[in-house]
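So that you can see what the record holds, here are the features copied from Swiss-Prot:
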- 158, 336: N-formimidoyl-L-glutamate binding site (BINDING)
- 158, 192, 263: 4-imidazolone-5-propanoate binding site (BINDING)
- 260, 334: Fe(3+) binding site (BINDING)
- 260, 334: Zn(2+) binding site (BINDING)
């Protein structure tokens, strides 16, 4: 006997919709999220949300329908799956040995000059095979999943030359096809640092004349599927004009611009984003008032990474001012060997404590707005009819426990496209 529907999530104390019909939220909208008390959600055979409403109205409306599975969520909260707007998950070799240096006061640039930092990771990643990198990636994705993350932006960037950069993008493409729990939107980051033996101009030429043409060839052949191009815009790395050239070359082959900016120095990132029509900028600790206004006008998403400010003891980006000016604010973990965080609940907590965002704003930034920052909010980031049924169930009657309980939130189940992909009973 066939069933009318795949799944019914029944009588959740709080069913956190986020927003109805908006691709992202800005300003005061971020504090006004949509919640259905005692809510029920109906999911079809394709893993799409078919209907959502109060328990009472859904029971009456679907009393004659059959369900393959009914999950009683009395006393529980249901939220959208979290979207991590900025990760570097493909790498070999940890950097635990650098943590003591940082605690003793070494800056990011000090570690870099001592032969650590990104160059350490690059050498290890270059020497790893595609299969070795894939085997390292999957446990990381599983740890993200158990923390409620169902969609990530994921970068290359630990090659700085054609072969390794393409190898990393192939690993991400393979995981995207074979790992069902966490969906991946990949980003090409050939301009993450200056390779040894080159200056910035030479590195820029290599990216534009060698790496991007090979990326286009592999993309056209279906071997990789990058959606974005990223550059580390920073003094001593890729500065304004080089960054602009690289981003434009990516735009010319259909990639969205989603770059690192204004982290350690003010580099006119917001202004550049306005000039090129960029989708998103990450970090922004040093962004200017004019830069924020340019981002609000475009609009360009601010993907804020409180883990980085926390671990490097940097000043935090001006999240409150961004929200006041109408910049769309998203969150990311910045998971990488320097900031080893796989938990969006912890990121949301840090956003509240360090960046003075309220809990509603943090949740919007880690769901709908993060999805929009990677052009996925038409299908992800909120619990709306027609979107994928990616959601997290909490063993708590108030959704705020996901932030309040910080590093060990009471996540009982995670669903991806209507399929159970994590249960704490397992």
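Heads up, the Cβ atoms here are built off N, Cα and C, so glycines get one too.
Worth saying up front: this structure is predicted, and the values here are computed from it rather than measured.
Structural mapping of features recorded in Swiss-Prot.
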residue : record                                  : contacts (Cβ under 8 Å, 6+ apart)
158     : N-formimidoyl-L-glutamate binding site  : 88, 90, 91, 118, 121, 122, 125, 126, 164, 168, 192
260     : Fe(3+) binding site                     : 230, 231, 232, 233, 234, 281, 282, 283
263     : 4-imidazolone-5-propanoate binding site : 234, 283, 284, 285, 286, 308, 314
334     : Fe(3+) binding site                     : 86, 87, 88, 282, 305, 307, 308, 341
336     : N-formimidoyl-L-glutamate binding site  : 87, 88, 89, 91, 121
### Query
Given that the record lists 158, 192, 263 as binding 4-imidazolone-5-propanoate, what is the largest C-alpha to C-alpha distance among them, in Å?
19
### Query
Tell me, by DSSP, whether residue 260 (Fe(3+) binding site) is helix, strand or coil?
strand
